[in-house]
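Following: one structure in structure tokens, then a few remarks.
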């Protein structure tokens, strides 16, 4: 391929799943079905929480925000996947690629910090139950959510601006969207500074909130151990189990993707990892919270009965 500067071209080429082109019809059905299921599941969770007075608590406020982020996060990625599966290799403009990267980082980083805010909520609820309503008031909850969006915006703007100010010597992105690692493969010359930039962003956006989550749960575990009643211990743990499972799914795949050097990059492996946290996890989140949460299931049943009654 002839080396050229990005300023001289108008678009990149997304290769997508070109290595398994014979599976494109099957994959289109799978991804479109997963997309619709995820949209429906997260929308139902958000509407149920907003429409049921029994769920107007900080924990469910954060859960409704998680559903919103999952819908947006998925919508940034999946339409291009479906277009790729229909058309094969597709073009995406320089501006479109930068926009997709920004919103991918924005929603992804915001979800990282939202999960940290949710762990803080569980920490206050279990460790300081008598002061819970005072500490986790409406103003604090809205401020925490606003902070997650601010962090997402900051990381997205900084990373996207720096990345697209660098010269590119290739146009073919071996991925199904404008992911960070495949774009680094196209940079001209020494990519170590850019690789270090990705690691720094990952530390700020992934490790920092994860450490907050770890600290919260260490305090929670010590508090649960001190409880004298087995029933109280079981109840306290049950309020955290869904969140812990979501954190494990999201951070497990995200950290394996970004907290490693570019030398270990593998296009096929990274596509699978990207699918896990961009497509699969947003679908599993509402399933985990609805199937493992009695209050959510109760609210869904009440809503279903009202619909049937009408």
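Just so it is clear, glycine is given a Cβ too, placed from its N, Cα and C backbone atoms.
Model, not experiment: these values are computed from the prediction.
Feature annotations, reproduced from TrEMBL:
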- 41-289: domain 'G-protein coupled receptors family 1 profile' (DOMAIN)
- 26-47: transmembrane segment (TRANSMEM)
- 59-82: transmembrane segment (TRANSMEM)
- 102-124: transmembrane segment (TRANSMEM)
- 144-177: transmembrane segment (TRANSMEM)
- 197-218: transmembrane segment (TRANSMEM)
- 239-260: transmembrane segment (TRANSMEM)
- 272-291: transmembrane segment (TRANSMEM)
Contact call for the transmembrane segment (197-218) against the transmembrane segment (59-82), three or more Cβ pairs under 8 Å: no
Tertiary contacts of the transmembrane segment (26-47) (same chain, 6+ residues out, Cβ under 8 Å): 17, 20, 63-64, 67-68, 70-71, 74, 78, 81-82, 85-86, 279-280, 282-283, 285-287, 289-290, 296, 300
Remote residues contacting the transmembrane segment (272-291) - C-beta distance under 8 A, at least 6 residues beyond either end: 31, 34-35, 37-38, 41-42, 44-45, 63, 66-67, 70-71, 73-74, 77-78, 81, 175-177, 179, 242, 245-246, 249-250, 253-254, 256-257, 297, 300
